[in-house]
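Trainee: Relevant sequence annotations retrieved from Swiss-Prot are reproduced here:
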- ARG191, ALA192, GLY193, ARG194, THR311, ASN335, SER523, ARG584: CoA binding site (BINDING)
- GLY387, GLU388, PRO389, ASP411, THR412, TRP413, TRP414, GLN415, THR416, ASP500, ARG515, ARG526: ATP binding site (BINDING)
- VAL537, HIS539, ILE542: Mg(2+) binding site (BINDING)
- LYS609: N6-acetyllysine (MOD_RES)
Amino acid sequence: MSQIHKHPIPTAIAEHALINPEQYHQYYQQSVQNPDEFWGEHGKIIDWIKPYKTVKNTSFDPGHVSIRWFEDGTLNLAANCLDRHLAERGDQTAIIWEGDDPNQSKTVTYKQLHHDVCQFANVLKKLGIKKGDVVAIYMPMVPEAAVAMLACARIGAVHSVIFGGFSPDAVAGRIIDSNSKLVITADEGIRAGRAIPLKKNVDEALKNPAITSIKNVVVFQRTGNASYWKDGRDVWWHDLIKDASVDCPPEEMNAEDPLFILYTSGSTGKPKGVLHTTGGYLVYAALTFKYVFDYHPGDIYWCTADVGWVTGHSYLLYGPLACGAITLMFEGVPNYPGVNRLGQVIDKHQVNILYTAPTAIRALMAEGDKAIEGTKRTSLRIMGSVGEPINPEAWEWYYNKIGNSKCPIVDTWWQTETGGFMITPLPGATELKAGSATRPFFGVQPALVDNLGNPQEGAAEGNLVITDSWPGQARTLFGDHERFEQTYFSTFKGMYFSGDGARRDEDGYYWITGRVDDVLNVSGHRLGTAEIESALVSHPKIAEAAVVGVPHNIKGQAIYAYITLNHGEEPTPELYTEVRNWVRKEIGPIATPDILHWTDSLPKTRSGKIMRRILRKIAAGDTSNLGDTSTLADPGVVDKLLEEKQSMQAPS
């Protein structure tokens, strides 16, 4: 790969940073050598009703996996995100809402949000929702989604947020698995100018005869287009809050009481309901938010994630609100109505901290300077990346173009199951390398092991595991602790297995190489797909690439690359040869793609992740069972790829 140089900590950042390099090392050493002392102190970042005496009580032992933090303490999450800020910053903005339509935006203060949450919490009680009941939330990106989540937390109900892009079948499956008692939705959502039929999807989902627990559907009016209405079951949000009291004392919750279930796709079988509890999760979300984004009071923070993903839970809502931050919620997409929308939103709201995904960055990068046309983005101080490894070229483009070459990028590695950041730079403490997640956060003990579980010391590559618990860790899979142990703790005994591979360089920095099932073995050489993709995307004519392995009778696996070119570029035989030589030059002959498949679009989930499972099957010609495609943003892409594959005559 291209020569990696370090980006030093900018002086302007170092002067005001919350954590400097010395503090990072000191805190980190304390956090791994004496976790009780470290977390005992830092657990105080939030307010406790009954303070904890026990800090950590955890085991990764086979057959006895048990994770408990602050287990004798009590608290309420909503009180931490709202009530405790009222005296000092009740009139400060809590949420800036930017609509899909650039002419629509509004602000919600902490006082207003508190009022709305208390009111809606009383609505939930009136509908028969009790502490411990599960509430399904299938909402667009509007402040009311946050109100619904916080209202659940206020009364001790468990929320299960379902991303607004999921199909009726996916919604039904999640309602059944979690035994939800209520659904909260909207008539429609709006995204990139198009209406999303949320209520219609819920109606469809509830036709499933296995759903018997739902008595009511609360409907928020977003567009005014609700087609079907079932009297007695469906109730309007605005009607319910009319006479609801605004007085709702927060429920006292044990630290280990469930807070939310969030479904994540497994590599096999049905989605897994990842369960997070209240105390450890909020401590971890708040602490990671504060230090990783170097958040200072008054900063305007924008996380582009949907509330339906863990990033939306931890870093759009709970982490920021627990810290009394100003958080921007965006209904739209970064390239609508124009490709410079991201920059326009930054300028309009004077955003200081931006947190987005490589898939968005690459989409803008393909547009070149059009993506920043007419925008200044000078308010930005810190930028972040989440969702998948960011290739160095996209990192540099993001750094130079969006951030005007002055904003540190926090490239965060974490998962739904981890609750918060695991490996990440800290702006005032970490020199950066493009494409590296750098070093572990406090209390996180990563290790690299070979396939037999032997630790790899020094600069090495291997399976990424975590050797001890941290407060934000998921406690179980809802209703299936056996699957929890099987999935995360059975591959390498006594360790949490992330499912990702990584390499550690001579500076101790971690580089995520992609899912372990995305590792190619070509003639006995291990190659991470992320590395080959980075090489491809560094070619000036390539916008996006996805690499998979296909069976090869001599090499074991051949390298099959799906490639999307920048606008205005056309595939030619010359370019085919040029691209193969380019990768050979960047990585070496062993990494040269055997087959290039030109395509306009890749199959992505609605959170922007490329569905490699489908790409592997298409590449191998195994199209009999492509599995569940309901989570794809555009299921039509699959047929298009199959047609392209049929008509392809790969040059020999």
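Each Cβ is built from the backbone N, Cα and C atoms, and glycine gets one as well.
I'd like to know what surrounds each of these features in this structure.
Mentor: Sequence-distant neighbours of GLY193 (CoA binding site): residues of the same chain at least 6 apart with a C-beta under 8 Å from its C-beta are ASP100, TYR336, PRO337.
Neighbour density for ARG515 (ATP binding site): within 10 A of its CB lie 17 other CB atoms from the protein chains shown.
Non-local contacts of HIS539 (Mg(2+) binding site) by the CB criterion (under 8 A, 6+ apart in sequence, same chain) comprise GLU578, VAL579, TRP582.
Secondary structure from DSSP puts LYS609 (N6-acetyllysine) in coil.
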Trainee: How many Å separate the Cα atoms of ARG515 (ATP binding site) and ASN335 (CoA binding site)?
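Mentor: So the alpha carbons of ARG515 (ATP binding site) and ASN335 (CoA binding site) sit roughly 28 Å from each other.
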Trainee: Please identify, among the recorded positions TRP414, THR416, LYS609, the one with the smallest Cα-Cα distance to ASN335 (CoA binding site).
Mentor: LYS609
Trainee: Between C-alpha atoms, which of these recorded positions comes nearest to THR412 (ATP binding site): ALA192, ARG194, VAL537, ILE542, LYS609?
Mentor: LYS609
Trainee: For a quick check of understanding: among the binding-site residues THR311, ASN335, THR416, which residue's Cβ has the most other Cβ atoms within 10 Å?
Mentor: THR311
Trainee: Any idea what the Cα distance is from ARG584 (CoA binding site) over to VAL537 (Mg(2+) binding site), rounded to a whole Å?
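Mentor: If we compare the Cα positions of ARG584 (CoA binding site) and VAL537 (Mg(2+) binding site), the gap is 14 Å.
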Trainee: Express the distance between the Cα positions of ILE542 (Mg(2+) binding site) and THR311 (CoA binding site) as a whole number of Å.
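Mentor: Cα to Cα, ILE542 (Mg(2+) binding site) and THR311 (CoA binding site) are separated by 28 Å.
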Trainee: Please report the distance from the Cα of PRO389 (ATP binding site) to the Cα of LYS609 (N6-acetyllysine), rounded to the nearest angstrom.
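Mentor: The Cα atom of PRO389 (ATP binding site) is 11 Å away from the Cα atom of LYS609 (N6-acetyllysine).
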Trainee: How many whole Å apart are the CA atoms of GLY387 (ATP binding site) and LYS609 (N6-acetyllysine)?
Mentor: 7
Trainee: Measuring Cα to Cα, tell me the gap between THR416 (ATP binding site) and THR311 (CoA binding site) in whole angstrom.
Mentor: 8
